Amino acid sequence: MSASVSVRRFAAAALSVAAVTGASALPASAADHAPRPRAAVQITHVHYDSPDRHRRSDLNEEWVDITNTTRRAVDLDRWTLSDRDGRTYTFRHYRLGGRATVRVHTGVGRDTFRDLYQDRRSSVWDKRADTATLRNDHRRLVDTVTWGGHHGGGHGGGHGGGHGGGHGGGHR
């Protein structure tokens with residue numbers, strides 16, 4: 001009888017070791033499929049479908065929200081926002097506050113800490129398919145959003161896509 005008790009104890013111990021080993025291996029394999037870390041500054045919303053793409057007054061209904069997800073302000077001076085065709089807006093002397101969002105409009109307007117204007121006379125974002133790309137002052141990719149077509153990838157876009165987030169809180 002003592003031999004069968006020993007065998008049961010040994011089997012229980014072996015099963016425990018196997019369970020612990022299996023559980024510890026799980027996070028390593030799960031880490032391979034974990035999403036990549038998000039950038040501190042993100043494209044959080046793209047509104048590319050202005051009511052009338054040919055009327056200048058409606059160009060300000062076409063915009064991109066850029067959000068700082070950290071507590072510290074980020075200097076966006078010389079950062080760029082561009083479309084798939086290479087039309088590029090360059091941020092000038094702009095500091096985005098912590099946990100703040102700035103809206104970059106296509107049309108003409110007066111820059112404030114919450115709204116920036118590209119001062120363009122025609123639409124930038126293609127409603128059928130396009131890509132919004134944000135790069136830092138060293139031309140390194142910070143974030144990108146793709147919509148429509150067969151581009152694959154991206155995270156949102158369109159008439160209300162992106163990461164989400166509020167509006168306001170920068171400094172000129």
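Residue positions begin at 1 at the first shown residue.
Backbone N, Cα and C define each Cβ position, glycine as well.
According to TrEMBL, the features are:
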COMPBIAS  149-172  compositional bias 'Gly residues'
DOMAIN    29-149  domain 'LTD'
REGION    146-172  region 'Disordered'
SIGNAL    1-30  signal peptide
DSSP helix/strand/coil residue counts for the domain 'LTD' (29-149): 10 helix, 50 strand, 61 coil
PLDDT averaged over the residues of the domain 'LTD' (29-149): 91
